[in-house]
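Positions annotated as signal peptide by Swiss-Prot: 1-23. For 65, 100, 125, 177, 194, 198, 202, 235, 239, 314, 327, 450, the entry in Swiss-Prot reads N-linked glycosylation site, with the evidence type sequence analysis. The annotation domain 'GH16' is assigned in Swiss-Prot to 95-282. Annotation source Swiss-Prot lists active site, proton donor at 172, citing similarity to another entry. The chitin binding site annotation in Swiss-Prot covers 172, 259, 270. Annotated region 'Disordered' per Swiss-Prot: 347-446, in sequence order. What Swiss-Prot lists as compositional bias 'Low complexity' is 370-384, 392-408, 433-446. What Swiss-Prot lists as compositional bias 'Polar residues' is 409-418. What Swiss-Prot lists as GPI-anchor amidated serine is 440, and the listing cites sequence analysis.
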């Protein structure tokens, strides 16, 4: 049985995008229950809130109203190689990001580092791993990545396109099977166990491979090392029951993740698909303190958008329409508009209908001074310097119930994980890095173990699991 990345990869990283609140304050959202006005934004995990809840992953279908979610920054053609420590440091902590995509091309929750000319994504002992997301959205294009997966039963690596209404195009790699990458797709989160296909390569852990997804209005093609391994035609996805094409068709972010599909807290079917219970006493855990995967390069070619797309704005300059916006909660391709509206929030209490971003000097963090220090990738500004008044979003670290377990172990002195230890002995001076950089691994641990989020973790996990079965 095959299970969706939506329900499990992101369930395993439940707290990565939105604010964790006390269990008594948690408000859920679904097709039968929309968010209230004071917590108007429905996260992709079915939890209502403000601030970061209204950014990437905000589901317009179940939010308070259509304007609760912020516009989605538009992606241009780019190429990025993580071939230096500075490139990895440009990846911004999710908790520092409030929607200004000129500030960073990538955000992360969990643990990232630089090693051997690559971005190293990590999953420490008894944690839920790491998610790296683009800050911009692609609406049709060709996306490719050169990577080495993790390994061992229960360990899952993923490279996906994922939209806010839960359209999804995947490459997934289960660690017990290193020769059969899985391609997959979903439309608006609808589970279909027949969508997955296997391909054949040599060892995905030992060797770099190039994986591509070529997404157009009419078809999706998957490639490995330049060879086409699968084609999906839109016409073959017609659903007579719903009277629509079950085909990914909405603007999507690029995401990489490393997560414990075989964690004992997961459903039995998830554990079986992932290759059994994860071994938290493995050689990698003993030697390094974490499982890991390498991302060497990522690139995207943005295709022309559909000719009949509507415009939300008065400008006659195409370049001013820098973001996508929905005009209906149906969430189909015909409901996508281009807009000139800002994509960032002024504070973590802001929402799409009250963004608090009228000040032209506002960035993703209100009351801060921003200075451009470098350029790279798909955006003009990828590295910034901010003053001490910087305000961060209430986004918790990349952990759930498993992290709470790790916290308990840490208090007894048995958890000796050092996220900056690096594979092969690379050690980074985390004390000298800024908390907004990917090199701040010690800060990431501090965030991960923050006592203020633990009270909401268990409730969030339970709600996420319940939402899957409903």
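Cβ coordinates come from backbone N, Cα and C, glycine included.
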CA-CA, which of the recorded positions 172, 259, 270 lies nearest residue 202 (N-linked glycosylation site)?
172
Among 172, 259, 270, the annotated chitin contacts, find the widest CA pair distance and round it to a whole Å.
13
Between residue 194 (N-linked glycosylation site) and residue 270 (chitin binding site), how many Å separate their Cα atoms?
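Counting only the Cα atoms, the answer is 16 Å.
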Counting other Cβ atoms within 10 Å, pick out the least crowded of the glycosylation sites 65, 100, 177, 194, 327.
194
Going by C-alpha positions, which of the recorded positions (172, 259, 270) is nearest residue 314 (N-linked glycosylation site)?
172
Looking at the recorded positions 100, 125, 239, 270, whose Cα is closest in space to that of residue 172 (active site, proton donor)?
270
Within its own chain, what residues at least 6 apart in sequence put their Cβ under 8 Å from the Cβ of residue 235 (N-linked glycosylation site), listed in sequence order?
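Expected: 218, 245.
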Per-residue pLDDT averaged over the domain 'GH16' (95-282) comes to what?
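Averaging the confidence scores along the domain 'GH16' (95-282) gives 97.
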Among all chains shown, work out which of the glycosylation sites 125, 239, 314 has the most CB atoms within 10 A of its CB.
125
Between C-alpha atoms, which of these recorded positions comes nearest to residue 125 (N-linked glycosylation site): 239, 259, 327?
259
Could you tell me which of these recorded positions, 198, 270, has the fewest other Cβ atoms within 10 Å of its Cβ?
198
Please identify, among the glycosylation sites 177, 239, 327, the one with the smallest Cα-Cα distance to residue 270 (chitin binding site).
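Out of the listed candidates, the nearest Cα belongs to 177.
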Measuring Cα to Cα, tell me the gap between residue 259 (chitin binding site) and residue 65 (N-linked glycosylation site) in whole angstrom.
32
Neighbour count, 10 Å Cβ-Cβ cut-off, for the residue listed as 'active site, proton donor': what number do you get?
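There are 25 of them.
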